[in-house]
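Lifted from TrEMBL, the feature list:
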- 7-29: transmembrane segment (TRANSMEM)
- 35-52: transmembrane segment (TRANSMEM)
- 57-74: transmembrane segment (TRANSMEM)
- 94-119: transmembrane segment (TRANSMEM)
- 140-159: transmembrane segment (TRANSMEM)
- 188-206: transmembrane segment (TRANSMEM)
- 237-254: transmembrane segment (TRANSMEM)
- 266-286: transmembrane segment (TRANSMEM)
- 404-421: transmembrane segment (TRANSMEM)
- 457-479: transmembrane segment (TRANSMEM)
Amino acid sequence: MNITFRKFYSLITAFSFIFTLLLGVSYLYTDRLDILLFTLLSFFVNLILFCFTDIKYYIIHLFFYITIFIFLVSRPTIDYLRSYSFNTYQKDAYVFAFVIVMISLLGLFIGGIISKALLKIKNKKRLDVDSNDKLKSSIWLKNIRIVSLTVYILTYPFYALRLIERLIFKLNTSYYIYYASFKSNLPYFTYILSVFTVYSMCVYLASKPNKRNATIVLVSNLFANAIYLFIGTRNPFILSLIFSFIYYFIRGQEDIKNKWIGVKEKILIFTSLPIIIVGMGLLNYVRDNVEVSNFKIFDIFIDFIYKQGTSFGVLAKGFLYNSNIAVRSFTNFTFGPIVEYFTHGNFGKLLFDTKPFTATTNSIELAIKSNSYAHNLSYIAMKGDYLQGHGLGSSFIMENFTDYGYLGVFLFSVALGFLFIRMLNVSYRNKILPFVCTLIILNNLFFMPRSSFSESFSILLTFQFWFIIILIFVVAKLISKENSYTIFKIKEI
């Protein structure tokens, strides 16, 4: 942005915030639900506009805002635009849902501003240190690329094999029966090796290989996750696409000489995006064996967005059924995946002699004993349908609210907004381990609006993750310069 346009853009952004504030005041005087919705939508526009004032550091915020809108706000918005009414839930549920989302958005916004401000101060103080410490040992980085890529290639077949097993099971039954009853019959070591695939991929990408080699790895990851589409699940494939785009974006911001998102990439994005959206929209009908009665691209697009917005029901029903959640001596939904790993996972079994849950899919046991908000709420709200494989899912906002109230939603969102900036900052610096952790988190981060708060971070606390990280780093260190010299002379990996 040139200076004149930057000032004009900043002025437009500032006025948009003022407009949102006026809408909010108007709601306080009128108590009209439609004005509250427009206030929320206007706030989304404000935040998206603000992201482009420094997109280098707000790209994660941007995608997170978009996913919050799609998963949590799109459905009531489309409902209102169709009928100009709110008749799915009672008014209190709508008010709660809209307000709690705004509180979370405000927290994300403030957290980002605080993190960015502190980052400027820190960078000024450590400018000389950064310039001297910018370059890592090129030999060590090349060794890491070799080792991590080797692990990726060796474990990739097991990752694909476990997905193919799921596909074969799904082809012999319906999607919902698959979701409710699938259990892998493959040896446990195949699971361990399959998770190493993602971890080693992140290590390799964090070593910042050249564009061609990074693209090959990213495409292979997309290809494997495309198997989920044939099963009937969109999310892993979509998350892989977003992950690939953000990785390209990060590398493009620090590599000015070599454009990572050039003309070809932009053409590919703009031409494939409508096709992907339509394809994802049609997947609903294929999965449920329903005939498409109206094949209009715009209608399919709206239908796709609308069906992604089912997580609004988590907010509304979470509000309505909150008092029905089983009371136990200890329950924490916000850190549920972490709690379950240490109390009912293999790690807990090894160290504390705890017993795992007997069920791994929808069951009464998980519904009343686990720290999974998705299982608890779905069972309360859906009963028999839940046991047949259906579910509402979760949302980090409702987990935070159930555990810590409105203040918890705000503070955890501030922490997330703060973290997003720091994740990008370490990605632009030559610090491989923090970049690895960033990429691991990015794998599932944008599913958080309809998933658990700590699901993206819980991987960083697992034994498998640190085992493969330490193994790759140690082996890379042990490779002697003499033994690896000829490899590096041949070609950079």
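Just so it is clear, glycine is given a Cβ too, placed from its N, Cα and C backbone atoms.
Remember, it's a predicted structure, so these values are computed and weren't measured experimentally.
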Contact check, the transmembrane segment (94-119) vs the transmembrane segment (404-421), 3+ Cβ pairs under 8 Å, seq sep 6+: yes
Distal contacts, the transmembrane segment (237-254) - CB-CB under 8 A, six or more residues away: 56, 59-60, 63, 205, 208, 211, 214, 218, 221-222, 225-226, 228-229, 260-261, 265, 269, 276, 280, 424, 427-428, 439, 442-444, 446-447
Long-range environment of the transmembrane segment (457-479) - Cβ separation under 8 angstroms, sequence gap at least 6: 140, 143-144, 146-148, 151, 192, 195-196, 199-200, 203, 337-338, 341, 347, 433, 436-437, 440-441, 443
